[in-house]
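A short worksheet on the structure shown next.
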Amino acid sequence: MTAAANSVATVENFLMIGIILALFASISNVMANNKERTFIMIKPDGVQRGLVGKIIERFEQKGFKLVAMKVMWASKELLEKHYADLSSRPFFPGLVSYMNSGPVVPMVWEGLNVVKTGRRMLGETNPADSLPGTIRGDFCIQVGRNIIHGSDAVESADKEIGLWFDEKELVAWKPATNDWVYE
Ligand SMILES: Nc1nc2c(ncn2[C@@H]2O[C@H](COP(=O)(O)OP(=O)(O)OP(=O)(O)O)[C@@H](O)[C@H]2O)c(=O)[nH]1
Ligand SMILES: [Mg+2]
């Protein structure tokens, strides 16, 4: 083989390796995106009004994966930490009392863009501004009784999941429907 042919072969090899690496990177990127998680919590009014099943159904039928769920009566201390960003707002004491007025159902849901899509499924903070078809648009009326919480960013989701769940409560599993939900 001539020196010129040799260097062409080397360039071809590099190109081939580059293509394979790019393919792996894009596949693992898609897989990582599918593993995005959000923290969703049914508030005491949602539990009292018997809406737990209907809310879970919406996330299930969308195709998201349930990773963790429990029923608990959250302490004021935990709720103050959860809503710490709002501590200077005038409605903060009322918000903590409301959230502490009965059991809540904290959950972790996983899937592609689940944080953003989850927020869209919830609707606006004020149910009056929430479109029909959203959870708040369909099931509640006032901002102080808006039945459900959802993380507003991936970073806050990670923080909230760590606040409400132990690592061992997050269940690793592959839904049987996985290949029918994702291409
Ligand atoms: N009474 C009252 N409650 C409010 C008001 N603004 C917000 N809240 C409550 O505080 C919660 C948290 O407020 P935000 O984080 O700004 O709104 P959000 O992200 O849509 O709601 P969460 O998913 O619960 O975090 C809201 O969901 C309401 O329950 C208000 O003006 N009055
Ligand atoms: Mg919020």
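Glycine too: its Cβ is placed from the backbone N, Cα and C atoms.
For the ATP site, TrEMBL gives K43, F91, R119, T125, R136; the one candidate out of N33, N100, N146 that the record lists there too is N146. Ranking the binding-site residues T125, N146 by other CB atoms within 10 A of the CB puts T125 at the bottom.
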